[in-house]
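Straight from Swiss-Prot, the features:
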- LYS11, PHE59, ARG87, THR93, ARG104, ASN114: ATP binding site (BINDING)
- HIS117: active site, pros-phosphohistidine intermediate (ACT_SITE)
Amino acid sequence: MAIERTLSIIKPDATKRNLTGKINAKFEEAGLRIVAQKRIQLTLAQAGQFYAEHKERPFYGELTEFMTSEPVVVQVLEGEGAILKNREVMGATNPANADEGTIRKEFALSVGENSVHGSDSPEAAAREIAFFFSGLELVG
């Protein structure tokens, strides 16, 4: 399997509860390296641009409001098959359906407040990483 990079966002429900370290430990235990990380406060415009593909969905307004409600931690994870591995570590979007030991099973509060975001494809990973990081910020 190839070495990949993927974007991860630790969402406001998790940063508010000081879960960044526990979530990072899950990534590292799964063999993912954190090659870039920063804590930021998204603006409504930034959240709207990042989630533009969901603009016509009924949850878009709630999503962008939530993502700007508290700081988030954006990070680039690297490793063999990082995109799929990250999605496995995160667990199902709905924490009720997530496997034991996954981030969402342990930390998510609801489907909307599900603690983490992860890129779902190589194309999304490239686009999402470039949205938050310059090449100079990626140290691997």
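Glycine is treated like the rest: Cβ placed from N, Cα and C.
A map of Swiss-Prot features onto the structure.
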| residue | record | contacts (Cβ under 8 Å, 6+ apart) |
| --- | --- | --- |
| LYS11 | ATP binding site | PHE66, MET67, VAL72, GLU113, ASN114, SER115, VAL116, HIS117 |
| PHE59 | ATP binding site | GLY112 |
| ARG87 | ATP binding site | GLY118, ASP120 |
| THR93 | ATP binding site | ARG104, VAL111, ASN114 |
